[in-house]
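Listed in TrEMBL:
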TRANSMEM  23-42  transmembrane segment
TRANSMEM  48-67  transmembrane segment
TRANSMEM  88-111  transmembrane segment
TRANSMEM  131-150  transmembrane segment
TRANSMEM  162-182  transmembrane segment
TRANSMEM  202-223  transmembrane segment
TRANSMEM  324-344  transmembrane segment
TRANSMEM  356-382  transmembrane segment
TRANSMEM  388-410  transmembrane segment
Amino acid sequence: MDVDLLELSSIEAERTSQNPGGIARILSGTFFLLLLTAAYWFHSSESFGREFSVSVFAGSALGFVMQRSRFCFFCNFRDYYREKDPRGALGILTAIAVSTIGTFTVFEAWIPLPNAGYLPPNAFVGPVQVHLLLAGFSFGLGMVVSGSCISGHLYRIAEGSFGSIPTLVGVVFGFVLGFLTWNSFYSLWIAEAPVIWLPQHLGYAGSLILILFVLAVAAFAITRNGIVPDGKKESNEILHSRGNRFPNVLFEGRWPSWIGGILVGLISILYYLRVRPLGVTSELGRISRTLANSFGILPDRLYGLDSIAGCATKQEVHALTINAVFIVSLIAGSFVSSLAASQFHFLIPDLPGRKILIYWFGGIFLGWGACVAVGCTFGAFFSGISAGSLSGFVFAFGLIPGILLGNLVLNGSNRNF
């Protein structure tokens, strides 16, 4: 199978942005003003309030940064695995390090004694058992088949990604399958699984040192084996964007991955401090659960699901949920960026029906994995590790064989994905 089958759009990862035309500038500015208006309306509304307003700002900022720096968990891993380009993977490690330091600072203010017997509010600290490895395996396989993780598909909608929509439809189907298998997994593994929050065992300092050490070892290994292609160095340096003035300088080329990582880490800290941890699957899971219940195909009760920390799928007070606002804002923020940088391109590839089916199939694996893990690469992995949860590391270990198997099946044992 050709590699281009997995590409989400016609945009090359390192292609230098062009100066946007008048229509693109107007549309980008319009989306920006709409985001400001939405944030103000939510903040002034008695029915919604500050958390919804903050979600608009945080979601749009995250979408903007992800699009500018190409912050995608799978794509950055693929760049390293296929081309030995370490920049994206180092950006992810940077984001986790920044988020972990900031999150632990918040924890210490909220819970001075981590061994007091209770967990930090809303933090993604989940049960640790075999189900996380299976969920990670499924999610990793889904990333290879569909071409990205769920958050990557969300921001690439705003780039005109052909594969993102059928993938997200597949995610809904995958969530439904996850709900159908949940009770069996819960009784078999999850119900008695330990919830391991590292600060309860090692303290804040010990846990932070351990996590940063693991990240440093990973960064050293990636740097030692990685090679930055000479032809791509210029496009990766925003500081050398051919002398353009602000704000055009923001839309020239790809932002350095380390800048994207720092900004994603800071956004995650501020969003957790004001609202909740970063996560993008709660609303997708809630929609899936509502649809499945409307057809009467789910069990009357999903044991323990709504009590596990993570991207919860239960009904909220408002039909318009905080996570829905966050996701829509993420897509809109990416639109602002892609339009301003002239990186919105929608093209229908050859054999579109076949590719839609493959993207949809990959989405099913993503959805099932996200349902069983109660989170995706942003929730279970990124926010989990940042919170000092062992579950985040276990989910990450599950991702690796899923990615490798997907590469083997799709591209052959002697080809890279």
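Glycine residues also receive a Cβ, built from the backbone N, Cα and C atoms like all the rest.
Worth saying up front: this structure is predicted, and the values here are computed from it rather than measured.
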Which stretch, 23-42, 162-182, 356-382, tops the Cβ pairs under 8 Å count with the transmembrane segment (324-344)? 23-42
So, do the transmembrane segment (88-111) and the transmembrane segment (202-223) meet, by the test of 3 or more Cβ pairs under 8 Å (sequence gap 6 or more)? yes
For the transmembrane segment (388-410): best-contacting stretch of 23-42, 131-150, 162-182, 202-223, 356-382, by Cβ pairs under 8 Å: 131-150
Can the transmembrane segment (356-382) be said to touch the transmembrane segment (23-42) if we require at least 3 CB pairs below 8 Å and skip pairs under 6 apart in sequence? no
If we skip the immediate neighbours and take only residues 6+ beyond the ends of the transmembrane segment (48-67), which ones have a Cβ under 8 Å from one of its Cβ atoms? 35, 38-40, 42, 151-152, 154-155, 158-159, 255, 260, 263-264, 267, 270-271, 274-275, 278, 318, 320, 322-323, 325-338, 341, 343
